[in-house]
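**Q** According to Swiss-Prot, the protein has these features:
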| type | residues | note |
| --- | --- | --- |
| BINDING | Leu121, Gly125, His126, Leu127 | (6S)-5,6,7,8-tetrahydrofolate binding site |
| SITE | His228 | site 'Plays an important role in substrate specificity' |
| MOD_RES | Lys229 | N6-(pyridoxal phosphate)lysine |
Amino acid sequence: MFNRNLTLDQVDPDVWAAIQKEDVRQEQHIELIASENYASPAVMQAQGTQLTNKYAEGYPGKRYYGGCEYVDVVEQLAIDRLKQIFGAEAANVQPNSGSQANQGVYMAVLKPGDTVLGMSLAEGGHLTHGASVNASGKLYNFVPYGLDADEVLDYAQVERLTKEHKPKLIVAGASAYALHIDFERMARIAHDNGALFMVDIAHYAGLVAGGAYPNPVPHADFVTSTTHKSLRGPRGGVIMMKAEVEKAVNSAIFPGIQGGPLMHVIAAKAVAFKEALSPEFQDYAQQVVKNAKVLADTLVKRGLRIVSGRTESHVMLVDLRPKGITGKEAEAVLGQAHITVNKNAIPNDPEKPFVTSGIRLGTPAMTTRGFKEAEAELTANLIADVLDNPRDEANIAAVRARVNELTARLPVYGN
């Protein structure tokens, strides 16, 4: 039998030591990677439970294994709460990731070689929206759409390509697009031309849940998402859909692309969805957007360019060319100052993908730890201070000291 009193630090000191160092890093650094956030202690506790021991192939009430009466309760709670948050007719909480959620929809409604419209990765889309290096781009005939001359989603291009290529499915959503997406307009283009409409809100889900970003569920046939990022849950995926396609989607996930679901993760999803239904989460989502606006506006005042001219969400792309520094260099020097970002290509980027001319910034994590407009403005100025003098080690050290003061005042996990 196992001894409950035998803890990780005793069983595996090497793993424990690495985890402790990561805990310190998360507490000390300002996290600005748009796809990252902090899960609550309750979410992490749920994910660390004995539910990891249970196989539960199938769905609540229709399992291929015995002993599922309690995991059935947990999964049904997750389904019901997710539907309540977004107003969905049906939902599947079993996808292990956002990528698998997208793959599940594709498997449910497409055949290899079918034509699909998706946002170009180079202009803000995601790998799973038809990038040539991804399975989606290898299995299906994806036609990319992008931005217009003002770096706004080119709806006229979407309509033109739809009429020309007659896709079976149109995919909306992005990993690096700062503005609102007109889901109603996209749905009209799709449905008027006989196409199905899917929206990937992996980045925006928490904002949608909090009423700070448009909800695509009333307009789309399928809505996929991750459960981490702005939703602050465990790493995983979900699919929401119209009731008439629920059976096809469920079959695509299991037995189509997955076997037994991760019940400990589904428990953590259920907890996160309960948190997302709270008034406090509504306030959080609104603050994420407020912080992003201040961050973007301050960076512009300091001589940087924001792609699309502004942000209407949690995320922004920063064009670094005015500062004469690449995204790769900026990521490294900001990291030395304890500000964590990721290099990111900008539209029509002349640099290679591993170098880039931009960085992507997001405010979900900083907002979770209690940053408001004043801290967002300070953070933007600290970023600009580093980028103005990226090779001045004394300057970087001074910024790092100010970052450490700020993060010590507003810890991620307080008492």
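Keep in mind that glycine also has a Cβ here, set from the backbone N, Cα and C atoms.
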**Q** I want to check the contact list for Lys229 (N6-(pyridoxal phosphate)lysine): same chain, sequence separation of six or more, C-beta distance under 8 angstroms. What comes out?
**A** Ala34, Ser35, Glu36, Asn37, Ala202, His203, Ala205, Gly206, Pro364
**Q** Fewest other C-beta atoms within 10 angstroms of its own C-beta: which of the binding-site residues Leu121, Leu127 fits that?
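**A** Sparsest of the binding-site residues Leu121, Leu127 by Cβ contacts within 10 Å: Leu127.
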**Q** Taking each of the recorded positions His126, His228 in turn and counting other Cβ atoms within 10 Å of its Cβ, which one has the fewest?
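**A** Minimum Cβ neighbour count within 10 Å, taken over the recorded positions His126, His228, occurs at His126.
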**Q** What does DSSP assign His228 (site 'Plays an important role in substrate specificity'), in three states?
**A** coil
**Q** Excluding Leu121, Gly125, His126, Leu127, which residues of the same chain place their Cβ within 8 Å of the centroid of the Cβ atoms of the recorded (6S)-5,6,7,8-tetrahydrofolate site?
**A** Gly118, Met119, Ser120, Thr128, His129, Gly130, Ala131, Asn134, Ala174, Ser175
**Q** For Gly125 ((6S)-5,6,7,8-tetrahydrofolate binding site), what residues in its own chain, 6 or more apart in sequence, show a Cβ-Cβ distance under 8 Å?
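**A** Counting only residues 6 or more apart in sequence, the Cβ neighbours of Gly125 ((6S)-5,6,7,8-tetrahydrofolate binding site) under 8 Å are Gly118, Met119, Ala131, Pro144, Gly173, Ala174, Ser175.
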**Q** Could you state the CA-to-CA distance between His126 ((6S)-5,6,7,8-tetrahydrofolate binding site) and His228 (site 'Plays an important role in substrate specificity') to the nearest Å?
**A** 16
**Q** Between the Cα atoms of Leu127 ((6S)-5,6,7,8-tetrahydrofolate binding site) and His228 (site 'Plays an important role in substrate specificity'), find the distance and write it as a whole number of Å.
**A** 18
**Q** For Gly125 ((6S)-5,6,7,8-tetrahydrofolate binding site), which of the three DSSP-derived states applies: helix, strand, or coil?
**A** coil
**Q** What's the CA-CA gap between Leu121 ((6S)-5,6,7,8-tetrahydrofolate binding site) and His228 (site 'Plays an important role in substrate specificity') in angstrom, rounded?
**A** 21
